[in-house]
Amino acid sequence: MKIIFMGTPTFAVPSLEKIYKEHEIISVFTKVDKPNARGKKINYSPIKEFALANNLKIYQPENFKDNTLIEEIRNMQADLIVVVAYGKILPKEVIDIPKYGVINLHSSLLPRFRGAAPINAAIINGDTKSGISIMYVEEELDAGDVILQEETEISDEDTFLSLHDRLKDMGADLLLKAIELIKKGEVKAQKQDKKLVTFVKPFRKEDCKIDWTKTSREIFNFIRGMNPIPTAFSNLNGTIIKIYETKINDKVYNNATCGEVVEYLKGKGIVVKTSDGSLIISSAKPENKKQMSGVDLINGKFLKIGEKLC
């Protein structure tokens, strides 16, 4: 099939790689280049890097308001547009162009977690499973009929990164199956149950702050779901400490307040009081320091007993 691929981050690369091997990629659309943190070097998206390495035609429009661009897409005579974490919403004029429409890979079991950050949300909300949905694209965000879905279990050892990496490979394989069904005319798409729809908004910095008045399980899930992106944090004496890994501790400290450092556990880390128990911080990054283990936090005396995270 003749395919236009639209994507941007690392998550989209396995999908483009597999489609490139089995189909004709007419062009690749990705978000505009961005300067790095210091503003001295332009960073290409992972999808652009792949496209350049394989001599694929690249487009990086700010939007799809240019009639000339719409006409150029129309002249490509694509059978299908495939979208994987592109980061832009397509207008109806583009959706209507390809012979077989536009399909999207979404990293949740729709209709749960439409929108941004569904991988983070699944872990933060304590879900025991997540997955991939391949769906048709409509004007309404993530509302199209679902072509295929595949599930994966979420364990207590999973973080955003581990689930992200698992889903990006699962998604690439499922996408190829969906394209084959479309090619053969064997798609039996299912409408989403509107009663089960939930949404996830992009995370703001303030959304990443840990609320120590929540339960140990809730905070444990929150930190895992933020690891390593966008990273959960707390304030400590006017500085920021990013927290990457914790373990649920059985011990309850009734005389302490939530967020208080209550104990050092030798060989494990620093214990912090929660609403129903405590957590052991086993990996964190104090402001202007490198990421370190809980043991190194103790040895460096970065968190003292009696201090409070807030």
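Any Cβ shown, glycine's included, is placed from N, Cα and C.
Database features, via Swiss-Prot:
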BINDING   S108, L109, L110, P111  (6S)-5,6,7,8-tetrahydrofolate binding site
Cβ-based neighbourhood (8 Å from the centroid) of the (6S)-5,6,7,8-tetrahydrofolate site, residues S108, L109, L110, P111 excluded: H106, R112, F113, R114, P118, G131, S133, D142, V146, Q149, Q192
Set of same-chain residues at least 6 away whose C-beta sits under 8 angstroms from P111 ((6S)-5,6,7,8-tetrahydrofolate binding site): D142, Q192, D193, K194, L196, V197, T198
Chain-internal residues near S108 ((6S)-5,6,7,8-tetrahydrofolate binding site), provided their CB is under 8 angstroms and they sit 6+ positions away: R114, P118, I119, A121, A122, S130, G131, S133
For the binding-site residues L109, L110, the one whose C-beta sees the most other C-beta atoms within 10 angstroms: L110
